[in-house]
Ligand SMILES: NC(=O)c1ccc[n+]([C@@H]2O[C@H](COP(=O)([O-])OP(=O)(O)OC[C@H]3O[C@@H](n4cnc5c(N)ncnc54)[C@H](O)[C@@H]3O)[C@@H](O)[C@H]2O)c1
């Protein structure tokens, strides 16, 4: 153990509409109990208010104050720093930086760290000994996606084909979302004589898939109406008739290699198609191997679905929002921060703890790439 306590500084998110936080009041409390010191910036965007952090013992500081904070603080945040700022970064930073996969402008994002002798521990690449990410937002992506699927299917039972599902806005908590979805589902069930939608989740054993199943169950869809597929069920290779025989299809797979499409236009053009709502949580929209190659755009919360062109059968739409967890910023943050907590508790030993040394080696590797440019 190093001698001095770890000092964390939670910076206010600056990405527009980002209401999630990398540290929540409850996880901050556990870190404080373990001897950490924590500064939390006031934030106009966060779903958590400064008082919640103050009550557990964090010290509240002004928004953006990390920039001039002493060098011994570790700056923690979720999203990228504003692109229009270029000053060298002198601290250790924990965040998603999106600069290790040759993203546009990655050099400019990364260069700031070595320029100031700073360090980046990228949250996307914090992995356990089995190579699995220690914290990810998948569960609430699937949960929110399935909610939009039920809302869309319900909307279609009650409205003409000319209308699309109206926009949705972030919910203060999970209960409020479930309540709203249940109300719409109940109205739709009157139209279907009480017959629940048949739901199919592919990637059911993963984080997003588990979240989708949890939502379906929490809004009261009977378990025998929820088909849960993973590798075993898709091993025979697509396309799958079972998808169009479902009412709501939620795709939650992690696409790691080219696979045959799950659906194609021929399947969708069947007169007998039941399928009304596709939620592509995986949202590999621009990937040439997208297994749902029936749409081309990423949808957004204020217009969550896009109609799919079909020659026969009822109206079909796709929801392909790529920031679904933001529908439930409180629970999504809580879930993420809880998963991150065991690794944060190892920060005093970050120069020897594998989860942190691996992240540091990865940082060094990519900085070395910069030097070769
Ligand atoms: N839309 C969003 O807002 C959002 C948010 C978070 C994650 N995601 C994306 O969702 C995807 C899933 O993430 P995750 O964290 O749940 O991953 P995960 O690794 O926890 O789960 C993926 C699951 O898919 C299964 N799978 C992979 N290929 C399959 C196939 N061909 N057939 C059937 N099952 C298959 C795996 O066995 C696994 O159970 C990722 O692409 C991720 O980027 C999207």
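Positions of Cβ are set from backbone N, Cα and C atoms, glycine also.
All TrEMBL annotations are machine predictions without curation.
Among the features that TrEMBL reports, domain 'Alanine dehydrogenase/pyridine nucleotide transhydrogenase N-terminal' is placed at 9-144.
Sequence-distant neighbours of residue 79 (active site, proton acceptor) (same chain, 6+ residues apart, CB-CB distance under 8 A): 13, 14, 15, 18, 95, 96. The annotation active site, proton acceptor is assigned in TrEMBL to 79.
Positions annotated as active site, proton donor by TrEMBL: 98. In the structure as shown, the Cβ atom of residue 98 (active site, proton donor) sits within 10 Å of 15 other Cβ atoms.
Residues or ranges marked as NAD(+) binding site in TrEMBL: 132, 206, 207, 230, 234, 254, 281, 321, 322, 323, 324. In the three-state DSSP scheme, residue 234 (NAD(+) binding site) is classed as helix.
Of all Cβ atoms in the protein chains displayed, 28 besides its own lie within 10 Å of the Cβ of residue 252 (disulfide bond). TrEMBL lists 208-252 with the feature disulfide bond.
Looking at the domain 'Alanine dehydrogenase/pyridine nucleotide transhydrogenase N-terminal' (9-144) alone, the prediction's average pLDDT is 96.
Per-site Cβ counts within 10 Å over the binding-site residues 132, 207 peak at 207. Looking at residue 322 (NAD(+) binding site) and residue 98 (active site, proton donor), their Cα atoms lie 15 Å from each other. Each of the recorded positions 208, 324 was scored by the other Cβ atoms within 10 Å of its Cβ; the lowest score goes to 324. Counted with DSSP, the domain 'Alanine dehydrogenase/pyridine nucleotide transhydrogenase N-terminal' (9-144) comes out as 40 helix, 24 strand, 72 coil.
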